[in-house]
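What follows is one structure encoded as structure tokens, with my remarks underneath.
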Amino acid sequence: MLSELSEWFWQERRWFPEGLGWADLEDRDGRVYAKARDLWVALPIALIFLIIRQIFERMVATPLASLLGVKDTVRLKAPHNTTLESYYCKINKNPTQSSVASLCQKTGYSERQVQRWFRRRRNQDRPSLLKKFREASWRFTFYLLAFIAGLAALIDVMICTNCYIDFKINDLSPPLQTLLPSQYWYYMIELGFYGSLLFSVASDVKRKDFKEQIVHHVATILLISFSWCVNYIRCGTLIMLVHDSSDYLLESAKMFNYAGWRNACNYIFIVFAAVFIVTRLVIFPFWIIYCTWVYPVTIYKPFFGYYFFNGLLMTLQCLHIFWAVLIIRIAIRFLTNNEKVDDERSDKDETDESEEEEEEEAGEKKHMKKNGPVQNGHTVHNNNHSKRE
């Protein structure tokens with residue numbers, strides 16, 4: 001059963017243009033070609049990345065955070081309450097006004113106490129500033145090194161049309177793209193890194209575009225794997241390089257943001273926005289996708305692999321447009337109103353200042369100072385509650 005399924009999946013007519021097949025990717029005449037079995041190497045590399053990440057975050061990112069002055073806000077814990085905890089975990093983290101009234105009856109709490117309990121409980125689930133800084137510093141380090149490695153791997157393959165022009169001299173000739181050692185390790189390391197992101201996605205900071213990030217990682221892994229199997233090495237390397245060219249700028253902007261270096265964060269973000277738009281909305285669609293979508297049909301008849309490969313590229317391009325809208329919106333707000341750069345993908349509860357709670361407590365103190373502590377219209381003579389409560 002499995003052998004029949006494998007034979008059906010790897011049919012040559014599915015992945016190659018007419019006249020070419022797997023036999024053309026066999027090593028010969030000193031030329032070395034990518035093999036599908038090589039992709040298994042990415043699994044141990046992904047596990048190694050997870051280990052290296054833990055070491056990096058403890059030994060490098062944490063001291064760096066301390067050096068840059070990254071401080072975590074001390075968050076008050078919500079007192080244990082079975083009724084409220086059950087509602088929080090099973091029903092909704094943000095109860096409606098009617099639900100608050102119902103919970104007040106069940107718990108004996110006042111409306112303000114219930115609202116404060118949910119706010120503090122949400123704060124407990126928020127990722128710490130240090131955690132976000134360590135994640136950003138890890139990604140910054142990888143993307144920067146990956147970008148440098150991609151430049152080194154593409155010194156002699158910067159013309160995108162070579163991705164296809166070398167694939168065919170005549171109908172019976174084998175592909176001429178020999179695999180370079182630098183390209184091999186660039187592919188395996190990139191594939192291993194995105195595999196590690198999928199493994200760690202449950203513990204990483206979750207943002208509003210969590211689903212889009214999952215789609216991006218899966219599409220990237222499929223794209224890298226497919227281009228490797230059918231020897232679209234040059235095109236795949238160029239695609240990865242284009243993506244790595246802006247990601248490290250975003251992560252560095254996040255690091256400065258978490259450290260409170262607002263000006264550095266703002267200006268790096270503007271540079272990131274410019275690089276992102278040029279690489280993802282200009283170079284990627286009008287150069288790379290053009291060379292994979294338009295140019296091949298002048299040489300071959302379209303086949304399944306052609307549609308599959310370009311379908312993955314178009315999926316990435318749709319995500320690029322989605323993120324570009326968010327980036328441009330932030331950039332315009334900063335340039336026109338001189339506001340600080342904030343990540344629109346973050347929920348309100350992810351901000352690190354408990355502004356709402358501070359305002360509420362300030363209002364309470366002002367009210368108490370003016371009228372004295374009161375409860376149900378009567379003065380409270382013995383208030384044993386903590387001032388922080």
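Cβ atoms are placed via backbone N, Cα and C, with glycine included.
Look at TrEMBL and you will find 39-56, 140-164, 184-202, 267-295, 307-332 tagged as transmembrane segment. Per TrEMBL, domain 'Homeobox' is recorded for 84-128. The DNA-binding region feature in TrEMBL is assigned to 86-129. TrEMBL lists 131-336 with the feature domain 'TLC'. Taken from TrEMBL, the feature region 'Disordered' covers 341-389. The compositional bias 'Acidic residues' annotation in TrEMBL covers 349-362. The compositional bias 'Polar residues' annotation in TrEMBL covers 373-383.
Per DSSP, the DNA-binding region (86-129) is made up of 32 helix, 0 strand, 12 coil.
Regional average pLDDT for the domain 'TLC' (131-336) in the model is 82.
Packing against the transmembrane segment (184-202) from elsewhere in the chain are residues 34, 38-39, 41-50, 53, 142, 146, 149-150, 153, 213-214, 217-218, 220-221, 224-225, 228, 233, 236-237, 240: each is 6 or more residues past its ends and has a CB under 8 Å from a CB in it. Within the same chain, residues 137-138, 141, 188-189, 191-193, 195-196, 199-200, 225, 228-229 sit at least 6 positions outside the transmembrane segment (39-56) and bring their C-beta atoms closer than 8 Å to a C-beta of that stretch.
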